[in-house]
Amino acid sequence: MKNEVKKVVLAYSGGLDTSIILKWLQDEYNCEVVTFTADIGQGEELEPARKKALSLGIKEENIFIKDLRDEFVKDYVFPMFRANAIYEGEYLLGTSIARPLIAKTQAQIALQTGADAVSHGATGKGNDQVRFELGYLAFNPDLKIIAPWREWDLNSREKLLAYAQKHGIDISKKKGKSPYSMDANLLHISYEGLVLEDPAHAPEEDMWRWSKSPKDAPNESEIIELDFQKGDLVAINGEKLSPAGLLTKLNELGCKHGIGRLDIVENRYVGMKSRGCYETPGGTILLKAHRALESITLDREAAHLKDELMPKYASLIYNGYWFSPERMMLQALIDESQIHANGRVKLELYKGNVMIIGRESANDSLFNAAYCTFEEDEVYNQKDAAGFIKLNALRFIIAGKNGRKF
């Protein structure tokens, strides 16, 4: 394939690894390279990526830096949270949900620039290679895919650094740069590697980049109100913001109060177990609030069906099938369930905890105090329960009469 590629679009961060990939593509494939850097809220200045690409010989017209923050939250994060999606009971899918948007945009740039190939920096051990490549092929099945980590022999840090030095790639470390493998966007930041590769070893406190330790969080709690329309967050404390602005604000509140830290061992799609630590402050608050709103606006069986389907939906996202017909079918069902998910949720934030202290919906609440009061009521005849119970016990009664023992 090396002699067949004419132009390749590289998912480029400006960091050491993707800068090495850029040079490697030029040398090994002898092709024109286009760089694409996505701003999905990782919190880093992106202009250095442009300068780095220029220094490595990339033409100005072949450098693409795109602000995708609002699209990321509106079209990916919010739809996922309508489903209350959690992978293996804990993981809020912060890395998984970002990959489809990057892959889609990268494929679009390939079409725009006439590139016949795309490339990414995901390793051959992880899930991201699957997520990126499923996304590419969903948009353009004719694209050639170059995954350097599956091809080259630069399989150690020493070899990578030696290659960088040989080709004049800057390897100076930024002051305060974390030694962990990290990935960040508006939804979360993740940490892998080093001491975390021993699941018995506790993460060090200085690893956490975003949030205060719950022990160091304010001694005073903070009460906030979140407004929802059709399952999506629209305002915080009455203030309407853009989708990215809303998640940014929730992150600030969560970080302040030590919310959203997670240390898990997860099952990767490729088959191995992997330990990761995550900070998802805003997402943790959002999930709790959304479920609280659904508790008063969703019909019981609709809510239970959603809960049954959620693990499948979460696995599809984790494994890279965002653009699959089955995910879209589930999304249509989920979105239908959110028509009445309108209202306000009041929460109290305190030292790592998110506590629901109120929920209301002016027009869509199914909670009716007249039916569930412990006081005398005029709408519910308690004698009706006897027949309901007897009918539901009928199979037990028949089995018992036939001598069955339970």
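Each Cβ is built from the backbone N, Cα and C atoms, and glycine gets one as well.
The feature ATP binding site is assigned by Swiss-Prot to A11, Y12, S13, G14, G15, L16, D17, T18, S19, A38, G121, with sequence analysis given as support. The feature L-citrulline binding site is assigned by Swiss-Prot to Y91, S96, N127, R131, S181, S190, E266, Y278, with sequence analysis given as support. According to Swiss-Prot, the L-aspartate binding site annotation covers T123, N127, D128.
A map of Swiss-Prot features onto the structure.
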{"residue": "A11", "record": "ATP binding site", "contacts (Cβ under 8 Å, 6+ apart)": "T18, F36, A38, I102, Q106, V118, S119, H120, G121, F132"}
{"residue": "S13", "record": "ATP binding site", "contacts (Cβ under 8 Å, 6+ apart)": "T37, A49, G121"}
{"residue": "S19", "record": "ATP binding site", "contacts (Cβ under 8 Å, 6+ apart)": "Y12, K52, L56, A164, I169, D170"}
{"residue": "Y91", "record": "L-citrulline binding site", "contacts (Cβ under 8 Å, 6+ apart)": "L262, I264, E266, G276, Y278, Y318"}
{"residue": "T123", "record": "L-aspartate binding site", "contacts (Cβ under 8 Å, 6+ apart)": "Q129, W149"}
{"residue": "D128", "record": "L-aspartate binding site", "contacts (Cβ under 8 Å, 6+ apart)": "T95, R99, H120, A122"}
{"residue": "R131", "record": "L-citrulline binding site", "contacts (Cβ under 8 Å, 6+ apart)": "S96, R99, P100, A103, A122, N319, G320, W322"}
{"residue": "S181", "record": "L-citrulline binding site", "contacts (Cβ under 8 Å, 6+ apart)": "Y191, E192, G193"}
{"residue": "S190", "record": "L-citrulline binding site", "contacts (Cβ under 8 Å, 6+ apart)": "G94, T95, M182, D183, A184, G276, C277, Y278"}
C-beta crowding around E266 (L-citrulline binding site), within 10 angstroms: 17
DSSP three-state assignment (helix, strand or coil) for A11 (ATP binding site): strand
Nearest-integer angstrom distance between the alpha carbons (Cα) of G15 (ATP binding site) and N127 (L-citrulline binding site): 20
Residues within 8 Å of the T123, N127, D128 Cβ centre (excluding the L-aspartate site residues themselves): A122, K125, G126, Q129, V130, R131, V270
Coarse DSSP state, helix versus strand versus coil, of N127 (L-citrulline binding site): coil
Distance from D17 (ATP binding site) back to N127 (L-citrulline binding site), taken between C-alpha atoms, in Å: 18
Same chain, 6+ residues apart, C-beta under 8 Å of the C-beta of D17 (ATP binding site), given in sequence order: G121, L160
Most Cβ neighbours inside 10 Å, all chains, among the binding-site residues G15, S96, N127: S96
Cβ neighbour count within 10 Å of G121 (ATP binding site): 21
Maximum Cα-Cα separation (Å), residues Y91, S96, N127, R131, S181, S190, E266, Y278 listed as binding L-citrulline: 19
For S181 (L-citrulline binding site), the three-state class that DSSP assigns: strand
Helix, strand or coil at S96 (L-citrulline binding site) [DSSP, three-state]: coil
Assigned element (helix, strand, coil) containing S19 (ATP binding site), judged by DSSP: helix
Y278 (L-citrulline binding site) CB neighbourhood, other CB atoms within 10 A: 25
